[in-house]
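Participant: Got a structure for you, questions after.
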Amino acid sequence: MLFDREVAKLEITDELITQTTYWKQIIDEYTKDNSNGAEIINKARIMLVYYRPAEDNRVILESELQSKPTATYADVLENVNISNLDSNMTLCQVESVEKVYDNGSQKWHYIATLKAIHKYILQDIYGDEETISSSSIDIEKLPLKYIEGMVATRFGSENNGDEMALADPSLDFNGFEEVINTLIYDRNWNDAMLLYRYIRGYSAKEIRNWTKGTSEMMPDFINDDESRLETLVRALTGFFLLPPYELFTIYSMPSALHQFEALKSNFVLMVRLIKKFINELNLGNTDKLLNIYNALTDNELFKNSMEQIKENSELEVQFNYEVERIYKWHKEYLQLGYITEDDLKLIISLIEQNQNNLSKRSSKKDTSAMKDKIDKELNKKIQSNLDKQQKEFLLREKMKAIKEQLNEADDEDGDDEYSKIVNDPVLKQMYPEWIIKAIKTERDKLKNMMSSSPDANITQTYISNLKKLPWRKVEVENLDINRAREILDKNHYGLKEVKERVIEYLSLIINHRNINKESSEKDLIKIDDHNQIDLQLFKENTKNKAQKQFNNVPILTLVGPPGTGKTSLARSIAEALDKSYVKLSLGGLHDESEIRGHRKTYVGAMPGKIIKGLQSAGVSNPLILLDEIDKMSSDIKGDPTSAMLEVLDPEQNTKFQDNYIEHEYDLSKVLFIATANYYENIPAPLLDRVEIIELNSYTINEKIKIAKEHLVEVVLAQAGLKPDQFIIDDKALEFIIKHYTAEAGVRSLKRNLDKIARKIVTKIVSGEKIDKFVIDQNNIPELLGTPKISESEKEMQPQIGSVNGLAFTSIGGTTLQIEVSWFKSKQPGIRLTGQLKEVMQESAKIALSYVRANAEKFGIKNVDFDTTEIHVHVPEGAVPKDGPSAGVTFTTALISALAKIPVSQEVAMTGEITLRGKVLEIGGLKEKSFAAFKKGIKTVFIPKNNEKNLSDIPEEVKEAINFIPVSHYEQIWEHLFKGKKSDESETESKKKKQSK
């Protein structure tokens with residue numbers, strides 16, 4: 001049995017739903033899409049009825065406490081007698097309905113959560129009149145299925161039972177009484193009854209006589225022997241002027257509660273009948289009648305009743321039927337002559353007369369009286385507000401005086417955790433003294449504010465943010481360098497140099513901790529196994545050596561193309577040190593307040609990202625990742641980069657100022673790590689405060705190993721597949737990498753593997769049995785679609801005026817074909833196409849100037865540069881290109897075209913050229929070498945100053961490519977052109993030999 005406020009679960013079975021549509025309505029209401037956040041306000045209610053076990057219940061019960069598993073709701077109704085009903089009942093509210101999948105039955109079930117509201121006592125039952133009213137049948141022995149309704153009273157009240165049953169808000173006892181009183185006061189009720197009686201078949205004469213007789217015989221409204229409900233029902237039946245047969249129907253009902261509900265239904269029926277009558281009326285002017293209808297419907301009682309009717313389709317059908325039935329009778333009354341059109345005209349004239357009289361009385365009211373009424377209402381509202389404020393102020397002053405007399409501290413804070421910490425002499429040290437004082441000051445201000453004041457909400461939010469900050473709370477770090485190395489190796493394949501740099505960086509941090517361990521241990525207070533209180537924080541001691549040494553550790557910045565593992569590497573560092581990990585996305589940030597926070601006086605003000613990150617971590621020494629630090633920008637709202645200078649400067653971040661907090665915060669224990677795609681985009685002052693670690697592109701073999709050792713395992717776990725259901729070899733992975741990805745990292749590769757896994761899962765869910773699934777080059781297009789990247793055809797024969805260059809882009813390295821042709825023209829000079837930007841255009845012009853100056857040496861003959869137009873084109877014109885590293889490639893292509901000497905397509909080059917032919921250093925050599933390796937290039941010319949970068953290139957690339965360092969372009973010319981004749985010379989010599 002459920003008692004008040006107890007909660008229970010109820011399974012809504014298919015049988016329950018078929019018994020009544022009520023449960024179907026509840027399921028639809030509670031499980032509909034509430035994505036807009038709307039809550040169910042009018043929650044459904046049910047009455048739980050209990051029965052006691054007896055001998056004749058063995059069909060449904062195993063014992064007194066256990067039901068048979070096979071027993072159904074229908075079995076209960078068929079086999080439990082009315083005599084077994086318990087007198088106790090519980091009114092419950094349906095709090096929620098949850099949809100749950102049952103693996104056993106392979107079906108969805110609905111589970112309702114019920115909350116008990118009140119206990120009720122069973123008073124009476126009613127049902128089939130022929131069965132229950134029969135004197136020959138013992139009602140007690142009838143099964144429950146004959147019951148159609150029950151009457152119950154709320155438990156625990158000495159008042160009349162019917163009145164307590166009205167505790168159910170849906171009865172709207174007071175609302176009905178108020179509506180009727182208002183309608184009577186405005187004379188609308190009398191007009192409505194005139195019209196209603198006519199519709200029901202009464203002539204104008206009968207209505208006037210009956211109204212007069214009823215008013216004379218109306219009994220006293222109050223009767224001491226009746227309950228309030230009985231008195232209201234008796235009065236309402238008089239106001240409704242019901243005919244005898246309807247009065248008999250109402251008074252024969254088992255209780256006043258049923259009579260009250262019948263009168264409510266009668267009211268709704270009357271209003272809907274009047275509406276239909278007005279719509280069907282052929283008279284020209286129906287404004288007066290519409291006024292009556294509007295008065296009857298302009299109240300919450302009628303609106304709520306109509307909503308309940310619309311929700312219950314059976315009730316809606318019943319009301320429509322009753323309206324049509326009574327209106328049909330009305331037409332028959334007209335045909336039989338019981339009522340006439342003259343009766344209607346007389347009734348309408350009476351209604352108009354009543355409304356005109358009411359209007360005249362209203363217009364004759366004294367203007368000063370109306371003014372006094374308005375003033376009285378305004379004064380009443382003002383006085384009410386003043387009384388409320390004075391009452392609140394008086395209560396606060398009394399509370400303050402009582403606490404002063406009892407000498408009690410104000411511990412009522414609503415934050416039990418904060419109170420517990422502050423009252424503990426040890427844990428209290430987690431908060432600096434000035435912060436505790438500041439919180440107390442703000443709380444004192446809050447006490448003197450009105451709860452409705454906007455400042456009260458601002459102050460409460462400010463206090464809450466101060467409490468949430470960890471202040472001196474730090475977490476215990478793991479200082480095991482071997483563990484750090486194991487975690488990096490486990491989570492990341494390759495990146496040997498990057499890992500070594502990270503290990504060196506961590507070693508420096510760990511060494512500082514170990515050196516100062518003994519001196520700092522005395523300032524550490526243990527909270528638990530994972531957290532401590534560090535008294536060195538927020539300490540007015542500028543000579544804190546440990547802190548200075550720690551601050552001298554540079555901020556690590558990981559720079560590399562997207563998908564190369566920068567974010568995951570930072571997460572691994574946090575895991576290695578057992579630090580909390582907080583990621584702050586700075587991409588697109590252009591407002592300084594996002595870093596420093598807003599002043600608390602602003603509407604909706606909150607702390608900046610740094611303080612929010614510390615609140616999220618819960619400690620003052622987390623690892624904070626500053627993601628995409630190169631993508632911040634400045635505008636009229638300030639420069640966030642300048643704010644980051646204070647955060648990352650070891651000399652300033654011990655006293656970081658957030659505009660919202662208004663207190664200095666020590667960031668010296670925070671381990672900051674930043675990520676960026678291009679260090680060129682990081683402002684110079686910020687770059688000066690960080691140490692750069694570059695993460696370069698992966699080779700195809702590295703991507704294959706990463707996929708096999710890391711990505712495939714993750715894909716299987718996310719898709720719920722077995723290893724045999726996702727078998728992929730190296731060739732298939734290489735095919736995906738070459739034809740479906742164009743990236744430096746492996747992010748796109750992971751997406752494509754996820755897509756394949758989803759295709760396999762779809763096949764399995766669709767009913768296809770797959771124990772083993774092999775992914776190869778043949779079925780990859782079926783799984784991923786048409787290849788997005790097609791390999792360009794490799795030119796096997798040497799070409800004139802076409803040379804392979806190497807470029808470095810955001811997705812890694814790529815080869816760049818440079819083409820040159822020349823012809824006589826009236827517009828001599830150089831024409832550049834292929835969407836070349838300014839620096840690359842200058843590089844091409846420098847190359848042409850160098851070639852013209854050394855044309856004789858390079859074997860360029862019969863070319864008049866003053867009448868020759870030279871066209872330089874870089875294919876893939878839709879892609880912008882820039883940079884000086886194609887200088888030697890431009891030079892080689894120009895010499896090849898002008899001297900008509902072909903260049904091998906297995907040769908590529910990179911380097912900036914000067915007017916004197918010097919070859920200068922370039923960047924991104926590793927990525928460019930990957931591109932050459934991928935295309936099958938055998939020889940690559942590189943600047944002499946880049947020879948040091950060859951150690952960064954994997955051995956497999958160096959074994960396949962011959963790198964030739966050069967300091968001057970003549971060295972390239974000697975390799976490619978020296979001693980070679982042009983195609984024209986060779987053709988002429990062949991002709992001469994043939995002629996001989």
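All positions are counted from 1 along the displayed chain.
Every residue gets a Cβ built from N, Cα and C, even glycine.
Pulled these from Swiss-Prot:
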{"type": "BINDING", "residues": "Gly560, Pro561, Pro562, Gly563, Thr564, Gly565, Lys566, Thr567", "note": "ATP binding site"}
{"type": "DOMAIN", "residues": "797-979", "note": "domain 'Lon proteolytic'"}
{"type": "ACT_SITE", "residues": "Ser885", "note": "active site"}
{"type": "ACT_SITE", "residues": "Lys928", "note": "active site"}
Participant: Fill in the CA-CA distance, Lys928 (active site) to Gly565 (ATP binding site), as an integer in Å.
Facilitator: 20
Participant: Under a criterion of Cβ-Cβ distance under 8 Å and sequence separation of at least 6, what residues of the same chain contact Gly560 (ATP binding site)?
Facilitator: Lys566, Asn677, Glu694, Leu695, Asn696, Ala744, Gly745
Participant: Roughly how many Å lie between the Cα atoms of Thr567 (ATP binding site) and Ser885 (active site), rounded to a whole value?
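Facilitator: About 30 Å separates the two Cα atoms.
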Participant: If you run the three-state DSSP split on Pro562 (ATP binding site), which class comes out?
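Facilitator: Pro562 (ATP binding site) sits in coil per DSSP, no helix or strand.
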Participant: Just to verify a number: CA distance, Ser885 (active site) to Pro561 (ATP binding site), in angstrom, no decimals.
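Facilitator: Distance between the two Cα atoms comes out at 19 Å.
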Participant: Which secondary structure state does DSSP assign to Thr567 (ATP binding site), in the simple three-class scheme?
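Facilitator: Where Thr567 (ATP binding site) sits, the three-state DSSP reduction gives helix.
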Participant: Show, in sequence order, which residues other than Gly560, Pro561, Pro562, Gly563, Thr564, Gly565, Lys566, Thr567 on the same chain lie with their Cβ within 8 Å of the centre of the Cβ atoms of the ATP site.
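Facilitator: What remains near the Cβ centre is Leu558, Thr675, Asn677, Leu695, Ala744, Gly745, Arg747.
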Participant: Going by DSSP, give the three-state secondary structure for Lys928 (active site).
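Facilitator: Assignment for Lys928 (active site) reads helix.
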Participant: Just counting, how many other CB atoms are there within 10 A of the CB of Gly563 (ATP binding site)?
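Facilitator: There are 22 such Cβ atoms around Gly563 (ATP binding site).
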Participant: Just checking, which of Thr564, Thr567, Ser885 (recorded positions) has the fewest C-beta atoms within 10 Å of its C-beta?
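Facilitator: Checked Thr564, Thr567, Ser885; of these recorded positions, fewest Cβ neighbours within 10 Å: Thr567.
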Participant: Going by a 10 angstroms cut-off between Cβ atoms, which of the recorded positions Lys566, Lys928 has the sparsest surroundings?
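Facilitator: Lowest Cβ count within 10 Å among the recorded positions (Lys566, Lys928) is Lys566.
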Participant: I'd like to know which of these binding-site residues, Pro561, Pro562, is least surrounded, judged by other CB atoms within 10 A.
Facilitator: Pro562
Participant: Once the DSSP letters are reduced so that anything not helix or strand counts as coil, what is Ser885 (active site)?
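Facilitator: Once the DSSP labels are grouped into three classes, Ser885 (active site) ends up as coil.
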Participant: Over the span of the domain 'Lon proteolytic' (797-979), how high is the average pLDDT in this prediction?
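Facilitator: The predicted confidence over the domain 'Lon proteolytic' (797-979), as a mean pLDDT, is 89.
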Participant: With every protein chain in view, what's the tally of Cβ atoms within 10 Å of the Cβ of Gly565 (ATP binding site), excluding that atom itself?
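Facilitator: Gly565 (ATP binding site) is surrounded by 24 other Cβ atoms within 10 Å.
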